[in-house]
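A short worksheet on the structure shown next.
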Amino acid sequence: MLRYLSSRILSLGLSLLVASALVFSVVELVPGDPASFMLGTGAQPETVEALRRQMGLDQPLPLRYAAWLGAILQGDLGTSFTYKTPIAGMILERLQVSLPLALMALALAVAIALPVGTFAAARRGKAGDGLVMGAAHVGIALPNFWLAMLLVLVFAVRLRWLPAGGFPGWSAPAAALRSLILPAIALALPQAAILARVLRSALVETMGQDYVRTARAKGLSAGQALRRHALRNALIPVLTILGMQFSFLLAGAIIIENVFYLPGLGRMIFQAITQRDLIVVQSAVLVLVAAVIAVTFLVDLAYGAVDPRLRRP
Amino acid sequence: MIRLEDLSVAIDGRPVLQGVSLDLPPGRVTGLVGESGSGKSMTALAITGLLPDRARASGRVLLDSRNLLETPEAAMCRIRGSRIGMIFQEPMTALNPLMTIGDQVAEVLRLHRGLDRRTALAQARERLDRVGLPQPRFPLTLYPHELSGGQRQRVAIAMAIALRPGLLIADEPTTALDVTTQARILDLLSGLARDEGMALLLITHDLAVVAGMTDHVAVMQSGRVVEHGPTEAVFRQRRHPYTRQLFAASRHVPARIPPGPATPLVQVTDAVREYRLPGGGLRALDGVNLTIARGESVGLVGESGCGKSTLARAILGLDTLQGGHIRLDGQDIAAVRPMPRKARARMQVVFQDPFGSFDPRWRVDRLLAEPFHLTGRPPDWRDRVATTLTEVGLDPDDARKFIHQFSGGQRQRLAIARALIIRPALIVLDEAVSALDVRVRAQVLDLLARLQAVHGLSYLFISHDLSVVRGVTDRILVMQAGRIVEEGTPDQIIDAPRHDSTKALVAAMPKIPAGWL
């Protein structure tokens with residue numbers, strides 16, 4: 001296990017380093033130089049020159065990368081050009097919305113997909129399977145903004161159970177949670193549908209395996225064999241999808257954030273792009289990339305926990 | 001006591017078992033022989049109530065006068081694993097890869113006896129000891145991937161006998177194992193049947209295994225038991241024509257012309273191949289010397305892991321040697337990397353698994369024409385495909401079919417056709433007939449002999465089983481731990497083995513007693 005863990009940690013560190021270099025150099029690829037790009041075509045040459053110095057663009061590239069990386073390691077992501085505030089604080093504030101939202105949506109997706117996928121696999125080829133998987137098909141096809149608007153109409157406008165949008169902040173935890181429920185459902189349903197389908201097909205495959213037949217020969221009922229033997233083996237492909245979904249939910253919630261007026265990370269990046277605030281874009285992308293790499297690392301660890309063949313050489 | 005009375009099974013209205021009656025009294029070992037599709041495994045599934053959903057069974061399967069065919073599923077679950085144990089053919093996949101062997105054996109005890117985990121594990125320890133997996137070499141915390149095929153089959157047996165069932169069904173339990181392991185597993189099974197007073201139903205296609213193991217035998221053909229009785233009587237008398245056919249096929253020796261003056265085709269000298277492993281190096285090939293003459297059939301025999309397949313891979317250019325030479329027609333082909341196409345086109349291979357060695361999405365013409373990438377596809381390639389199909393006893397119209405439309409024996413013919421189409425000088429047959437039924441095997445061996453006579457082919461037969469290569473080779477090499485330890489004609493090797501390893505292989509060969517024939 002220790003060997004597995006140390007090899008995963010090493011690869012985590014390397015990935016982060018490579019990612020930081022990539023994110024840093026992408027900004028260098030914008031036409032002209034970042035300063036004139038950020039200020040637009042009508043800017044005064046002196047203003048551009050001032051911004052260049054402020055951004056350190058007069059320094060050589062490797063030096064700038066080293067300085068940037070050093071600052072990041074100390075928690076300094078730079079200052080937003082538009083808002084003149086430290087970016088680290090901005091991102092932290094947005095993460096307070098985006099992270100709980102993503103986690104809620106993911107938990108909900110798993111909570112729905114696990115029983116639904118198992119149910120469909122256990123009744124493979126029968127009416128229940130067809131019904132559930134048909135519904136999942138629709139769930140995947142539905143655009144989530146449409147689902148979001150529907151939820152708002154039913155639960156906020158008509159029934160008035162939950163707020164239609166906005167975020168009161170975590171100083172009022174109950175209200176904050178309530179305001180995240182509808183967006184989390186809108187995000188979770190299509191993901192749950194994908195997850196349920198993946199789980200079903202993985203389960204159907206593992207249930208055809210010899211060891212499930214062995215389990216039946218031992219006296220386990222079909223349901224017991226499925227839960228005790230097939231399910232854990234089927235979780236391996238499901239974990240892969242789960243990792244990808246979390247990364248998507250963290251930053252891909254941009255449309256949902258707009259529908260519900262949530263001050264999330266997706267909206268911040270979108271605004272920063274329209275305002276050509278490259279420093280914010282760069283830092284936010286780095287944070288997202290780091291999150292994706294961290295989740296991949298966790299998924300790798302989960303593989304190791306599930307599959308003994310990975311733990312021991 | 002389990003008794004089958006007039007058991008019939010139909011799947012989608014198509015009969016697969018018809019009027020099978022069989023007594024399985026305690027302490028008796030009953031053999032069930034027949035070819036693939038004769039209904040052997042279906043009989044086992046009907047007894048255990050694990051028939052496919054679409055199957056309909058009639059007749060009676062009586063366990064203490066209770067008809068299992070009418071027993072509800074919940075009650076069947078209590079019977080499976082406690083009154084009837086079952087083991088299957090493929091030990092590599094029969095165990096859950098994510099569970100320790102201790103937990104898998106303990107599961108049976110916990111399920112049926114309601115034991116807590118600790119007590120169940122203690123009893124599992126005892127059962128594993130019984131099947132020859134003792135402490136401290138085989139702790140309960142091992143996972144299946146840490147065991148060999150034979151050891152995994154022992155774990156499966158430990159699970160099946162954990163509750164001392166009255167009946168143990170073993171469906172081809174040793175077909176996937178090499179002969180020496182087979183001998184040990186069969187020994188274990190007959191010991192268990194004797195000591196525990198279990199009825200043992202041994203399903204196999206191997207008549208020699210039945211002869212050595214069983215008291216009674218039932219011969220099955222197309223879903224019916226055509227002959228049954230005490231094994232010796234059935235084997236001596238062979239009343240039914242089908243029994244006689246099976247016997248003839250299992251002892252079939254194809255007519256062969258001995259090769260002419262020996263011109264060497266392949267010469268391997270001092271071949272060395274080492275693998276680096278976490279616990280040190282493994283010498284898979286340790287100074288191997290081997291010559292195959294034109295038109296000659298050479299057998300290469302040894303237990304799994306002795307280096308047979310590594311040697312074959314080296315000859316075919318699929319693996320690199322760290323020392324030594326391989327000469328083809330006098331030219332050193334191991335020295336040049338990658339092996340020149342011209343040399344590769346002179347050698348082709350047929351593998352064991354006729355199901356896994358074809359792309360299911362390609363049609364036969366494309367599959368067969370694939371080796372042409374070594375020589376360039378000739379303009380008349382479609383005619384060549386048709387000719388080759390005829391040569392291996394198939395129809396030229398089969399060229400447009402997909403691989404799933406063929407039986408196992410036909411697929412092996414296709415594999416031979418694929419090897420043959422570019423007219424190689426040598427065909428390596430890596431356990432190429434091991435998975436086939438006796439009658440199909442006899443046909444394929446005849447085909448190989450005929451092709452050899454027509455085209456002057458050389459064969460390298462690789463097998464773990466001496467009885468397979470006996471009738472079809474001019475010379476046999478016995479391999480152990482990366483070395484060739486003995487060499488001789490088939491009769492010398494089998495009738496007067498000198499090396500211990502050869503003696504072990506010969507001793508492990510299942511044999512029908514000479515007096516019965």
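Note: Cβ is positioned from N, Cα and C throughout, glycine not excepted.
Positions annotated as domain 'ABC transmembrane type-1' by TrEMBL: A:95-299. If you look up TrEMBL, you'll see A:99-122, A:134-157, A:177-199, A:234-260, A:280-303 marked as transmembrane segment.
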- Message: Below 8 angstroms Cβ to Cβ, which residues of this chain, lying six or more residues outside the transmembrane segment (A:177-199), approach it?
- Response: 97, 100-102, 104-106, 108-110, 112-114, 116-118, 120-121, 132-133, 135-140, 142, 144-145, 147-148, 151-152, 155-156, 162-168, 234, 237-238, 241-242, 245, 248-249, 253, 256-257, 259-260, 262
- Item | Cβ-Cβ under 8 Å with the transmembrane segment (A:234-260): same-chain residues at least 6 beyond its ends | 97-99, 101-102, 105-106, 109-110, 144-145, 148-149, 152, 164-166, 179, 182-183, 186-187, 191, 194-195, 198-199, 202-203, 205-206, 266-267, 269-270, 288, 291-292, 295-296, 298-299, 302-303, 306-307
- Message: Give the nonlocal contacts of the transmembrane segment (A:99-122) in its own chain as ranges (CB under 8 Å, at least six residues past its ends).
- Response: 128-129, 132-133, 136, 180-181, 183-185, 187-189, 191-193, 195-200, 203-204, 207, 222-223, 226-227, 230-231, 242, 245-246, 249-250, 253, 262, 264
- Note on the structure: Long-range Cβ contacts under 8 Å made by the transmembrane segment (A:134-157), restricted to residues 6 or more beyond its ends, are 116, 120, 163-165, 182-183, 185-187, 189-190, 192-194, 196-197, 255-256, 259-260
